[in-house]
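See structure below.
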Amino acid sequence: MRYIQVETAGALHGSVRIPGSKNSSLALLAAACLADDVVTLEGIPAIDDVKVVSRIAQDIGLELHRMENGNIVLDPRWIHSAVIDPGKAAAYRASYYFAGALLAKFGRVTIGFPGGDDFSSRPIDQHVKAFQAMGAKVEFHEDYYVVEAAELRGSDIYFDTITSGATINSMLAACRAKGRTNLYNAAVDPEVVDTATLLNRLGARIYGAGTDRIRIEGVPYLNGGDHAVIPDRLIAGTFLMAAGMNGGQVTVQDVIPEHLGSCLAKLKEVGLGIEAGESSITAYGLGAIKATRIRTAMYPGFATDLQQPMTALLTQAKGKSIVTDRVFPNRFNHVPQLRRMGADVEVRKETAFIRGGRPLVGEWVHATDVRAGFCLLLAGLAAEGVTRITGVEHLERGFDDVIESFRSLGANLSMMKQETEPNGRPAIGMNGF
Ligand SMILES: CC(=O)N[C@H]1[C@@H](OP(=O)(O)OP(=O)(O)OC[C@H]2O[C@@H](n3ccc(=O)[nH]c3=O)[C@H](O)[C@@H]2O)O[C@H](CO)[C@@H](O)[C@@H]1O
Ligand SMILES: C=C(OP(=O)(O)O)C(=O)O
């Protein structure tokens, strides 16, 4: 069993480079399947989700190589199969992008259901509805589904809810469909814009990405080309919150500050100093953290993926904070773990009530998903004694440099390995807690 050990080390100080966005990378890698020539992607992080994409690539004949300079070169001309193994599809969330991309190119895809962070029901009905609107038939089986269309036709698609996943997947399918597709109530996330930017660079005709109405004129083929993925706004936000845990000063470099607007506004509201440059942001403690009210929303609202690390920060604020997650109303698996560390947090329906200011103490805790892991890591920075976090694989889905990055800021963090469970205490899984 591996676990991350966090020991009290005082305030964090220093600067850290932010890697490419996980969520954008996973869309770009699938988008490259649509091209008819070589695609080079810069800045794709070496996270576990990308390793699963490499294994899928091997199965379907998508040539994928990481070069010495870190770029990933993809050659989609040799793809011979549009069957995605259910086990690999279930190993991460964004496997669903292979459905849109391969459907557009091959007319039929067989693919397992998506996995990813398991914090609530995560339907794909809007992806399915979009494929059907474009003329595809979708058939569900026990652990896979088949999407098939003799000819994909452009269509008007009105999303019932704002979803970044279904917006991107519809763009992937529509860019090689016959005729015009209009997406209404589309997500405006930077990852949607990044995917459209790559596709347009390859010759797609996508207009309006970044607004809630996207128009796509289908084209018969796409060229090769190069693209650099956007920085990971969620990892950047997490480091800025970490600065507030013990009143330190952290600079995140290689970021797009505009992507963090709602996060920065909230950090200022709780009393952090924030200075944004052209491609860097510094957060620093100015004294006590203030309690606040958070309601997550789709971009440009406060991101659900930053809700958990923010909850860790709010355990340090004197007074009562209220955190509501409207995007994923059950995304509170981190709360029982925070309570083990002495935090006073109660969840009712889609809301966590945090009575901040109680001292945290180090404990064995379990990360159930990527952001729960970051939340516990931040809590560990402020806790008295040693915090040990199991579920390391979840953190590694999202960030490949957790230990070194936090250490470079002065955190006392180590990756540990233990052959047996800690004495008398089940360390793995929620049930033991
Ligand atoms: C790989 C990836 O990019 N993951 C991100 C993506 O997940 P994911 O693509 O799963 O999330 P979506 O943006 O699609 O979901 C947004 C909302 O729409 C709902 N919905 C979504 C699709 C659908 O077919 N039907 C439906 O009802 C979801 O339940 C949720 O309430 O966006 C989430 C919301 O910003 C982030 O937390 C995830 O990090
Ligand atoms: C929810 C997340 O990831 P995924 O959608 O890949 O499960 C996340 O990154 O916080």
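Heads up, the Cβ atoms here are built off N, Cα and C, so glycines get one too.
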Among ASP75, ASP156, ASP305 - the residue TrEMBL places in the same UDP-N-acetyl-alpha-D-glucosamine site as ARG93, ARG122, PRO123, ILE124, ASP125, GLN126, VAL327: ASP305
Candidates LYS22, ARG93: member of the binding-site residues with the richest Cβ shell (10 Å): LYS22
For ASP117 (active site, proton donor), the number of other Cβ atoms found within 10 Å of its own Cβ: 20
Entry from the binding-site residues list ILE124, VAL327 having the most other CB atoms no farther than 10 A: VAL327
Inter-residue C-alpha distance, PRO123 (UDP-N-acetyl-alpha-D-glucosamine binding site) and LYS22 (phosphoenolpyruvate binding site) (nearest angstrom): 20
Rounded to the nearest Å - Cα separation of ARG122 (UDP-N-acetyl-alpha-D-glucosamine binding site) and LYS22 (phosphoenolpyruvate binding site): 18
